[in-house]
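Student: After the structure tokens below, expect a handful of questions from me.
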Amino acid sequence: MTAPLLEVNNVTMRFGGIVANRNVNFCVEKGKITALIGPNGAGKTTMFNCITGFYRASEGNILLHGEDGTQDIGGLITRPITGGSHLATRAGIARTFQNIRLFREMSVVENLLVAQHRQTANNLLSGVFSTPTYRRAEREAVDRAYYWLERMHLAGDANRLAGELPYGRQRRLEIARAMCTSPKLICLDEPAAGLNPAETRELSEVLQILRADHDLTVLVIEHDMGLVMRISNHIVVLDHGEVISDGTPEHVANDPAVIAAYLGVSEEEVQ
Amino acid sequence: MNTHENLFPKLGKEALLTFCVSLVLVGPISGLVLEGFTFRNELVHAVLIAAVITAGRLVLSAVMVTPFGRRISGVLSRSGGGVTVRSGKERSSLPLLAVLFLAGLALPFVADKYFLGIAILALIYCLLGLGLNIVVGLAGLLDLGFVAFYAVGAYLLALGSQYLGLGFWSALIIAPFLAGLFGMVLAFPVLKMHGDYLAIVTLGFGEIIRLVLNNWLAFTGGPNGAPVPPPTLFGFEFTRTARQGGTPIHEALGIPYNADYKFWFIYLVLFLVVCAVIYAVQRLRVMPLGRMWEALREDEIACRSLGVNHVFTKLSAFMLGASTGGLAGVFFAVHQGFVNPTSFTFFESALILAIVVLGGLGSTVGVVLAALVLTILPELLRDFAEYRVFVFGVLMVVMMIWKPRGLVRVTRPAFFPSKSAEPTSSPVPSANAEVSR
């Protein structure tokens, strides 16, 4: 077992009286694809929002073990004045959304350029006077954007509006955009939702490539079990906000508790 | 053809309806003329007007069924997505811009004082529109109190000269910073709010500034306003005799005195500032900061997921917008030679917002055009001065029906990879080419 990149320790998330996640523990191993599955309403997206810094977990902590030490996600987002969910991204966690959130009225390249705001020269004066430093940074950013567009087979759509792309390409664009933030961990919220079988196959290939070539760790929420079983190295199953199973795909697939949760039958009947 | 058979009854019905509606609208207004405590009946007048309106409506309907009319209505209703991406192959508009620039510079030499005054006012509104466009059009933050920053700029010059001895030039340099500071003070606590709430808070801020200016008699002069010193150029004055201890410019240059020189000067400086601001705003649209503003307008949550600090980004938009408003204020003050709080009412804010919305949110060309139209049009329609606001209202309604995205289509810049990167676009050796279909 390699070192974990992300550690979720005893996380409980409450919204008023509703407990969305109760005492969740799991690890995301570096360089592996980890899947988070569970029936609807199991608290997967809530967990995701905690990990990516959109929610502050009510209890417990989420630790990211990066090259530059360990960072507590909850601590980042509650930091006074400068704190916020954007710090989770800057720490190296990128994400996509269940319902696609692109900048619809901006071009595809611009979507990717926004994601690279950490690498471009953001100084107002250098941009207005178009200094050499600014031009070089901008050129590199555009090239990087095209690199990712080519990886995602979107290069032909580079100068179209993001909102006019077909659904499947919007999904891929969202992944490309997340990759442009140079993340260590990418969290994909139902990336295969609404894709046809061919597109799903392509997506699984893309994910494998990202993992293999770009030293990337992937955390994915997915309902397509075929895809999950095919790509993931490690599966965590949530039900009613709690982890009911955690292990390799084979282990999880044969776990009576998981079958019970998905099929709604009692454990005796499964035997 | 079926449509032709149905045409005449349809037109007749339409004519009757138009006639009735216009009679109801026009009847009480022009059909009854007040005379002291009684009124005179002039219903014939009203019927005539209604008949003219009906005839116009019929002509319009008749034209609209011809192929030509259909084409026109097609063009009018083609609002579409409103946004297009450039192809990168468009012809450069540089020659046109150069001609416009030279024409703008040459204007004082051909225009009379009255027209120059209108031009100055139009340019001031351009500046205001450009500033508000940053906040509303690019960053998507609805600001109903923009006039506050305008007031800050204007009063900076007026009170600065009174208390600190500031001149036109120093005010011109300080105003953007001071207005930006005010923008920051306002924005910092409210940027966590969205949409309507932000609009209400900014509306309140605009009113606060105006009320302070109105009621702080000892400092601002209250409703009596404050005088503004005339501008100088390198210490030369534009008055007939030197009042501020310098030499009048006509004496220095050895030319006859002309009262218009002051306006020439204001116009030229203002024109150059407007050009500089237009250039900066155009640059901003392809700069990371401008892109982040627009991304924030599109989807704030996605922005946060990409590591954009939404609070600071919004703050920068607010501050830059406010700075531009402050600049406009200085020019307004120096042009009027006097400021008082009645120039900074909510109506001004609404007017500036109308400019931005009419021009097309986010479109620089559109905002400049709308500013020119909305300031020059009322001057041309002086005879209808009482209906000015009414005309604005009609214009807004018509625009929202036919061109909800504004006068000018927003275009997005195209980006292409640099030549060096094109042949082998992947920095990492591509061992996975088989994925590509």
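Just so you know, glycine gets a Cβ as well, placed from its N, Cα and C.
Sharing the features that TrEMBL gives for it:
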TRANSMEM  B:47-68  transmembrane segment
TRANSMEM  B:117-136  transmembrane segment
TRANSMEM  B:141-160  transmembrane segment
TRANSMEM  B:166-190  transmembrane segment
TRANSMEM  B:197-219  transmembrane segment
TRANSMEM  B:263-281  transmembrane segment
TRANSMEM  B:315-338  transmembrane segment
TRANSMEM  B:350-377  transmembrane segment
TRANSMEM  B:384-402  transmembrane segment
Student: Could you name the stretch, out of B:117-136, B:141-160, B:197-219, B:315-338, B:384-402, with the greatest number of CB pairs under 8 A to the transmembrane segment (B:263-281)?
Tutor: B:117-136
Student: Counting only pairs 6 or more apart in sequence, are there at least 3 Cβ pairs under 8 Å between the transmembrane segment (B:350-377) and the transmembrane segment (B:117-136)?
Tutor: yes
Student: Counting only residues 6 or more past its boundaries, what in the same chain has a CB within less than 8 Å of a CB in the transmembrane segment (B:197-219)?
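Tutor: For the transmembrane segment (B:197-219), the sequence-distant neighbours (Cβ-Cβ under 8 Å, at least 6 residues beyond its ends) are 141-148, 151-152, 155, 159, 186, 190-191, 341, 344-346, 349.
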